[in-house]
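Residues or ranges marked as domain 'Shikimate dehydrogenase substrate binding N-terminal' in TrEMBL: 246-326. What TrEMBL lists as domain 'SDH C-terminal' is 490-520.
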């Protein structure tokens, strides 16, 4: 896309380049193009020993994509600490040499923008001037953000840019609310882990740029170019797109978007699934009340706490005391909670036992779990789903949890036994028992961690299940496999519960084989 095609409707994917030398900038520009970027933003303040004329000339002569140049001073979150006139002269030079975009801070615009505009008019320069403002700290109310947008627009800029640093995901709603009011193209997003949805949902609300990081160079709160290309495909997003998301803390491990978004597209359903880093459930649900936010997956540590915020809870989820799926009912906007973890996990374990010929009870029993000892580690949301599922199949449940009171509570509910977590290492199971980890121990990035079970006792378990799905094969599963146990990855549970979620989110039947192929290739 050429720079003379800029319009409010022309969404562009921009890759930030913050390298310290020109050679690396050119290399990363090549990578950005290969990874699907439409434009790159080159941060001149990151270049060591920057020589404006030579360096800008070299970059622009060898450019493969339209370039946005920024030269951020320290007072606006950048690295430049030198003479202000020299900084602004460098940006003026970038425009004269053929930059597609240059970024000027609102605080500096009054001293240089008139000269730049006159140059553009006199020389028929097609470069676009962006006037930007970075808001540190808590995002101001919508009324103040609109005043800031008005000030930037009054400069005569071709494009305006507003960047915040959200301390809570609820602040992003203020950004979404101002996007429709801008009469010039507006780039608006928040940095940091809680700001991710400001990037991937901006096409729905009228944003102009979406930023994506180069693969292998992650930036907090910014999707990678690969994720934008493979999972989100923003060209399919419009104002009618329904938003679904994972409510969790943290959310960086989530692979939900890699599964749900392609499945939505496969089924011709206009939906978008995004990770949502949530700190406060009450604030979150009181902020995102629009029908546009149509449903949620619920992850750690909120599966039990979220019941309070559901208007209705399905009987199975109510009995388990944990919700992993919420749907906003279209007829009245009420939030209805469900649990798809239970059947997802238990059927994965049952099918593995049957596949390996371990249905000891034969045809007269409905489940290969009937009568078996089911050793459960973790009594949180996932643990409760597993505990109730095992009980419903006739298993005898023993529960370990670092919070003994929580273990006792679940044991009472499933007529099982609670034991102290410290006793797990020496616990001697009977032959043919099932071991299930329902804690986040071993989850990326802490992949070296493992629950306190000894290698000797692992040999006595017929099957070992781990609810963790990143990585697919955890340290626990590797150890169990090494001693000959059947292993079931959390990926299988994830797939099965996700199929249930898809049915609830869309009212359609999940395409089982399509979803399984994605999981096998991407997870």
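Cβ atoms are placed via backbone N, Cα and C, with glycine included.
No curator has checked TrEMBL annotations; they are predicted automatically.
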Mind checking how the domain 'SDH C-terminal' (490-520) divides into helix, strand and coil residues in DSSP?
26 helix, 0 strand, 5 coil
The domain 'Shikimate dehydrogenase substrate binding N-terminal' (246-326): DSSP-derived helix, strand, coil residue counts:
29 helix, 20 strand, 32 coil
Considering every residue in the domain 'Shikimate dehydrogenase substrate binding N-terminal' (246-326), what is the mean pLDDT value?
95
